[in-house]
Amino acid sequence: MERASRLKTKLENSIFAKFFLLFATMLGTSMVIGDGVLTPCISVLSAVGGIKEAKKSISADTVVWVSVAILVLLFMVQRFGTDKVGYSFAPIICVWFLFIAGIGVYNFIKFDPLVVKAVNPKYIVDYFKRNKKQAWISLGGVVLAITGTEALFADVGHFTVRSIQISMCSVTYPALVLAYTGQASFLRKHNDLVSDTFYKSIPGHLYWPTFVVAILASIIASQAMISGTFSIIQQSLSLGCFPRVKIVHTSTKYEGQVYIPEINYLLMMACIFVTIGFKTTTKIGNAYGIAVVFVMTLTSAFLVLVMIMIWKTHIVLIILYVVIIGSVELVYLSSVLYKFDQGGYLPIAFALFLMSVMYIWNYVHRKKYYFELDHKISPDKVKEIMMENNSYRLPGLAIFYSELVHGIPPIFKHYVANVPALHSVLVFVSIKSLPISKVPIEERFLFRRVQPNDFHVYRCVVRYGYTDIRNEQEPFEKLLVEGLQVFIREYYMGMAHALDLAEKDCEAKDDGSTRENVDDQIAKQVEIEKEEEIMDRDIDVLEKAWKCGAVHFVGEHEVVASKGASIVKRIMIDYAYNFLKKNLRQINQVFDIPQKRMLKVGMTYEL
């Protein structure tokens, strides 16, 4: 406990540690997204390439363009959701594992059953003694046998942990072991066929069924990584580390099943360019290996922090984990980096680009949020601003949108200073997404009065689940007004109830002999009636404002670097961030605000 607390304190107080952890996290996230590009490319291209075994006349360009067509089709069906795509192909993946396991057993029995001796670690030692540097380089190819496991985090968002454990231990792992054992037996008799062992080792009468199932299985492998990419971008977006994109939840049952249209399109274009540019699986494999091992190494490093701070694992076990697992992963990482100039540079380039985008967005997003916190308006200041400006009250309902949950955004003061007219009812709205399927209507709106007076100003936090949508059957303004009416009634009823309790308390203490107690009871009754009149008046004002129409105000913030800022800061804020902001989803699209009743209020933030 003390060790975890000390480490937590050191990390929180160290600027370098915070920056380093942010950098490492963004690097791992970027590598996973890059993995989401490379997995479909290498999976589909390697599966389609098997057709050259049956048709020697087919050129490499034909294989590439067929692969591109399959990739385009794969990304086109993503909008239907992981549920529909996954369940459509689930029986096929079972057939795939059955095929490779069966072929492996067949080759094992037919060619050389003695390869089972390879489980003896002595042979790997001998292998490294004989081949030395080449043995070390070959580890970059060996690591491709376990690719895909780095994306297991995405499966947790789609399935239960127990189902993943059962499927991995009872189906996936045994089938892969049998397949690789069978290929090893085949190579004992055909060591000249190393470059295309899989298709060469298939018995003739099973070639075409295996070829078809291999293509379909490659689609499943691609689907898993694409889903993982969507999932990790969703998490990055919720942490303010990724530009605004549209998140579509495709399942009412599992939060992790999401589809992101913009990312889907960009992934598709990247896959097409990589497939056409590299054409063969050799260079893509080199790039793929670097991405996978980087993700695994970073995951293991972060797991050490989890073991120390959350699991409170014994220090001896932590040291053993670092020495054993860490050393193995670092050896693999050094091996795959050896082929950096043979295609391995691609995931590094992807990662550097994505890290730049993520860091710039996160940096300016935090600066902008802190600016709003520092310049937010208190409830007392709202009254002062409105009285100073002698604002004319227009009939109608004004809805101001802000990311701030507490306080009034600075955009309000800027608006009042330039437009000395306000609607009769003002509501400041913050929209928050919750990690649950649906939020009941009666719990969706959380209201608070900003000023309990004649200004009719309210604060509202709107909470949405990931399957809640706005539609014509449930117009946002109607639900907002109905919720506000309920809040006003409960607010004044609560005050009346408090007065009623106070009156009863006085009656319990009163002996009936004093005139003052009678006067107090009469005064409290008058106050209760007055509160009821104010409640009726507030509800009447709200209903009239609603009938006159609602206007949605959205802040159009222009973010600029403050005077005297460094050249790097100016480039990040004035050019890079503003370029991303203008070319990606706007805030009114995120909030799904009716365009015909929306007004944008411009304001400059100097950061």
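The chain as shown is numbered from 1 upward.
A Cβ is built for glycine as well, from the same backbone N, Cα and C atoms used for every other residue.
Annotated transmembrane segment per TrEMBL: 20-45 (among others), in sequence order.
Outside the transmembrane segment (57-77) by six or more residues, the chain places 40-41, 44-45, 48-49, 51, 85, 215, 219, 222-223, 226, 264-265, 267-268, 271-272, 275-276, 279-280 with a CB less than 8 A from a CB of the stretch. Among the features that TrEMBL reports, transmembrane segment is placed at 57-77 (among others).
What TrEMBL records for 89-109 (among others) is transmembrane segment.
Positions annotated as transmembrane segment by TrEMBL: 135-154 (among others). Non-local neighbours of the transmembrane segment (135-154) in the same chain are 32, 35, 39, 127-128, 164, 176, 180, 221, 224-225, 227-228, 231-232, 256, 285-286, 288-289, 292-293, 295-296, 299, 331-332, 334-336, 338-339; each lies 6+ residues outside the stretch with a CB under 8 Å from one of its CB atoms.
Positions annotated as transmembrane segment by TrEMBL: 166-186 (among others). Outside the transmembrane segment (166-186), and at least 6 residues removed from its termini, the chain residues within Cβ reach (under 8 Å) are 94, 97-98, 100-101, 103-108, 110-113, 115-116, 118, 145, 193, 197-198, 200-201.
According to TrEMBL, the feature transmembrane segment maps to 206-226 (among others).
Annotation comment: TrEMBL describes 263-281 (among others) as transmembrane segment.
Under the heading transmembrane segment, TrEMBL lists 287-308 (among others).
Under the heading transmembrane segment, TrEMBL lists 315-338 (among others).
Under the heading transmembrane segment, TrEMBL lists 344-364 (among others). Through the fold, the transmembrane segment (344-364) approaches residues 22-23, 26-27, 29-31, 33-35, 37-38, 236, 239-243, 274, 286-291, 294, 336-337, 559, 572-573, 576-577, 580, 607 of its own chain, all at least 6 residues removed from its boundaries and within a Cβ separation under 8 Å.
Look at TrEMBL and you will find 543-607 tagged as domain 'Zn-dependent PLC'.
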Cβ-Cβ under 8 Å with the transmembrane segment (315-338): same-chain residues at least 6 beyond its ends: 3, 136-140, 142-143, 286, 289-290, 293-294, 296-297, 300-301, 303-304, 307-308, 344
Considering the transmembrane segment (20-45), which listed stretch of 89-109, 206-226, 263-281, 287-308 counts the most C-beta pairs under 8 Å: 287-308
Long-range neighbours of the transmembrane segment (206-226), counting only residues six or more past its ends (CB under 8 A): 35-36, 39-40, 43-44, 46-48, 50-51, 53-54, 70-71, 74-75, 78, 82, 85-86, 89, 92-93, 95-96, 99, 103, 148, 151, 154-155, 199, 264, 267
For the transmembrane segment (89-109), distant same-chain residues with Cβ under 8 A (at least six beyond the ends): 115, 171-172, 174-176, 178-183, 185-186, 201-203, 206, 209-210, 213-214, 216-217, 219-220, 223
